[in-house]
Amino acid sequence: MQQVISHSLPRRHNNILQVFKSYYQLTKPRIILLLLITTAAGMWLGAKGEVSLFLLFVTLTGGALASGAANAINCIYDSDIDYIMERTRWRPIPSGRVKPRDALIFALTLAATSFTLLTVFANLLAALLAMSGIVFYVGVYTHWLKRHSVQNIVIGGAAGAIPPLVGWAAVTGELSWAAWLLFAIIVVWTPPHFWALAIYIRDEYQEVGVPMLPVIEGNEETARQIWVYTLILIPMTLLLVYPLHVSGAIYAVLATYLGVIFIKKAWQLLKDPSNKDVARSLFKYSIYYMMLLCLVMVIDSLPFTHGITTALADSWQTFIGGAIAILF
């Protein structure tokens with residue numbers, strides 16, 4: 001783990017609320033929100049739209065604690081480069097508000113609480129998956145890949161794809177092909193998401209020596225790979241409809257619509273790979289895309305939604321049958 005660099009000046013907390021705020025910031029709550037949304041999507045799909053509110057609360061809480069633990073350890077490890085990068089230098093550790101040792105104790109406490117909560121109130125599989133997410137994010141991505149491989153995001157993206165597996169396991173006690181497809185969707189979504197950001201802040205990554213794809217291969221190659229991953233991603237999302245049959249018509253239509261917008265934005269970046277505004281637009285949309293895709297999964301999985309689509313399908317078949325009878 002990296003120690004906070006020496007010229008980071010300590011800052012005192014003036015009250016207990018500032019202490020809570022600093023430790024809260026260590027968990028990177030904005031990242032956790034998206035992870036919890038994918039967890040919920042996994043739960044609803046796995047339970048076919050009928051999820052216990054208590055189990056939902058327990059699983060999301062356990063997932064949030066596990067993600068917070070991983071993020072806090074990441075903050076410890078990256079405190080040296082966080083101080084250099086403009087957007088991260090005021091994080092709790094590089095700014096001196098939290099000591100690395102205290103952050104580690106905090107992270108381990110979160111992880112232990114998460115494991116206990118998920119084991120007792122969900123099941124052991126969900127708990128072990130949550131812990132594997134911490135190990136992969138810290139050990140494989142943060143320690144091994146981030147500063148040493150241009151494929152850091154491609155391989156490391158698996159850590160961010162574990163939450164839907166946790167959600168699915170919490171409600172079913174097992175992992176089906178559909179659960180692994182959710183995992184694969186997020187793995188493939190991750191490179192376009194992060195590489196768009198990397199184009200936007202390429203100079204910062206270059207300054208601290210992180211080998212992101214735009215730094216090593218340039219913006220044009222990065223935009224090309226974003227385009228390829230996007231073209232793979234969109235058809236993958238429709239595999240939930242066929243052949244897996246875990247999502248229906250509403251999901252198919254809206255997932256296609258969201259995907260078309262994603263493709264359009266990736267195409268715009270391909271045509272103008274050095275345009276930071278276009279890269280930033282794609283990065284922001286990729287977040288909305290994943291949130292909305294998961295929301296559509298949840299809506300489509302609800303029992304009353306299936307009732308509506310079934311009624312519409314029956315009405316359409318009746319209409320077509322009547323029209324054919326009149327014509328022939």
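Any Cβ shown, glycine's included, is placed from N, Cα and C.
As recorded in Swiss-Prot:
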- 31-51: transmembrane segment (TRANSMEM)
- 53-73: transmembrane segment (TRANSMEM)
- 120-140: transmembrane segment (TRANSMEM)
- 153-173: transmembrane segment (TRANSMEM)
- 181-201: transmembrane segment (TRANSMEM)
- 226-246: transmembrane segment (TRANSMEM)
- 250-270: transmembrane segment (TRANSMEM)
- 285-305: transmembrane segment (TRANSMEM)
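Counting Cβ pairs under 8 Å that are 6 or more residues apart, the transmembrane segment (153-173) and the transmembrane segment (53-73) reach 3 or more and are in contact. Within the chain carrying the transmembrane segment (181-201), a Cβ under 8 angstroms from the stretch's Cβ atoms is held by residues 38, 41-42, 45, 85, 87, 153-154, 156-158, 160-162, 164-165, 168, 212-215, 219, 222-223, 225-226, 229-230, 232-233, 236-237, 239-240, 244, 262, 266, 269, 273-274, 276, 279-280, 282-283, 286-287, 289-290, all 6 or more beyond its ends. With respect to Cβ pairs under 8 Å, the transmembrane segment (285-305) is most closely packed against 31-51, considering the stretches 31-51, 120-140, 250-270. Long-range Cβ contacts of the transmembrane segment (31-51) within its own chain (Cβ-Cβ under 8 Å, at least 6 residues beyond either end) map to 59-60, 63-64, 67-68, 71, 160-161, 163-172, 176, 178-179, 182, 186, 240, 246-247, 287, 290-291, 293-295, 297-298, 301-303, 305-306.
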